[in-house]
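Database features, via TrEMBL:
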SIGNAL    1-18  signal peptide
TRANSMEM  47-67  transmembrane segment
TRANSMEM  79-99  transmembrane segment
TRANSMEM  130-156  transmembrane segment
TRANSMEM  204-222  transmembrane segment
TRANSMEM  276-297  transmembrane segment
TRANSMEM  309-329  transmembrane segment
TRANSMEM  341-359  transmembrane segment
TRANSMEM  371-391  transmembrane segment
TRANSMEM  403-422  transmembrane segment
TRANSMEM  442-463  transmembrane segment
Amino acid sequence: MLVTAYLAILCLLALCVGLELTARRLTPPQSAPTAVANPAFRRFQSVFLRAYLLALWADWLQGPYLYKLYRHYSFLESQIAILYVCGLASCVLFAPFSGWLPQALGRRQTCLLFCLSYSACCLTKLSRDYFVLIVGRILGGLSTSLLATTFEAWYVHRHVDVHDFPKEWISSTFTKAATWNHGLAVGAGLVANLLAEWLHLGPVAPFLLAVPCLGCCAWVVLTDWGKEEAEGDLDGGKQTQLLSTPNGGVARLSAKARFSRSCQDGLRCLLSDRRVMVLGGVQALFESVLYIFVFLWTPVLDPHGPPLGIVFSCLMAASMVGSLLYRLATSTRYCLQPGHVLCLAVLMAFFSFFMLTFSTTPGQPRPHDSFLAFLLLELACGLYFPAVSFLQGRVIPEEKRASVLTWFRLPLHLLACLGLLALHGEVSGTGGGEAGSGTRHMFGGCAVMMLAALMAVVSLFTLGRNDSDLRLEGTRGEGEMY
């Protein structure tokens, strides 16, 4: 497995370079020339990306060795499952508040809260106390929820409401962020492996490195973002709304009332449009399975001695390959629709979990087959995320998108929690350890969920057979990632 991991990362990185060059030749970058030539926009974009990419880097550093750290502290697999469940449950609890906090505290202040809470989460990894680690997982759930919403909220508000840049330029910023995000994920695995294994600093080292990165992020938010806000709105990023009153005056809508109305509008949109509901079902099934995969990949491969950081980089590089293939598939040369790519991604994920039910047979593990299945799953993820983002952008109104996606995340995290609790119960009932059949049964359950997601995608095709909103117009799809 050691040799396999290093050969895989070299091949995948070479494939990424080849696909990127091909994609650039067939699909030249979609960026508004005016945006590129506008120095004010470029300066504003740079200010945002410096902080956002530091936050993403700190987040990725914690991916490769989380499970390994808990095993290093001699916790059982069932106990580790509970720790993961605590993190997912906190995501469920804090998801609504992550949309309300920027309106109540201010967007920049909420980004600082993210840096503080995530730093505290990382520092809890120094403790071997189970309760302290649970607190760390809860803080991690809060931080993950804030990362998913707050930075983007700050940028969109400044872009549209303060600088009055064209909305079409927003995609160029987040497309650039997505490109950097893939590279950061691959690099995080390599750096984590360097610290934990090559330098023999142990699995806690990547978490400690994340703390100064978060500190740098907070410094950029305090200084650069502070200067940026000093030139614009006077409310510090707090979001308010003016409503007409019966006597012809105006009333300022509080953050709490605005948040409540936003949630109601999002739920109403979800229930009134079957396309939105079916798309939410696809997302809940597919992405909840990914949370279960995040828990299971380490105990499946770690007993066979691969460098976990290199394996993590391989998985992220496979996801990058999928994203580049999406760009090529939706280019003028191949002209595939995002809906077709989404169907292919779900089908590939189903075959991945189908393979894993056989490669993780108790007493007869086949780690190379499992590794290949994990790479196939990450390749499917690289196809899935831009495709589903395109469809969400077409069927969900822009002003309701944040609240609708919040509702999407509730069943997503609940399904993942139930899956991990089921695994915890089965492991506990069989005496624990990787030799039990709980992991194999869980992969079988994931395959069934992917089959249900595939049926939901087919249902979406049926609903939108003649729906132009679900089809890619013109020649391009890669610019619709956000």
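Residue positions begin at 1 at the first shown residue.
Cβ from N, Cα, C; glycine included.
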**For the transmembrane segment (47-67): best-contacting stretch of 79-99, 204-222, 276-297, 309-329, 341-359, by Cβ pairs under 8 Å** = 204-222
**Prompt:** Which of 130-156, 309-329, 341-359, 371-391 shares the most C-beta pairs under 8 angstroms with the transmembrane segment (276-297)?
**Reply:** 371-391
**Asked** Sequence gap of 6 or more, Cβ distance under 8 Å, 3 or more pairs: do the transmembrane segment (442-463) and the transmembrane segment (341-359) meet that?
**Response** yes
**Asked** Going through 79-99, 204-222, 309-329, 341-359 one by one, which has the most CB pairs that fall under 8 Å from the transmembrane segment (403-422)?
**Response** 79-99
**Item:** Residues of the parent chain within Cβ reach of the transmembrane segment (204-222), under 8 Å, 6 or more residues beyond its termini
**Value:** 47, 50-51, 54-55, 57-59, 61-62, 64-65, 69, 72, 108, 111-112, 115-116, 118-119, 122-123, 125-126, 188, 191-192, 195-196
**Prompt:** Are there residues at least 6 beyond the ends of the signal peptide (1-18) whose Cβ is under 8 Å from a Cβ of it, and what are they?
**Reply:** 186, 301, 304-307, 310-311, 313-314, 317-318, 320-321, 324, 367-368, 371, 375
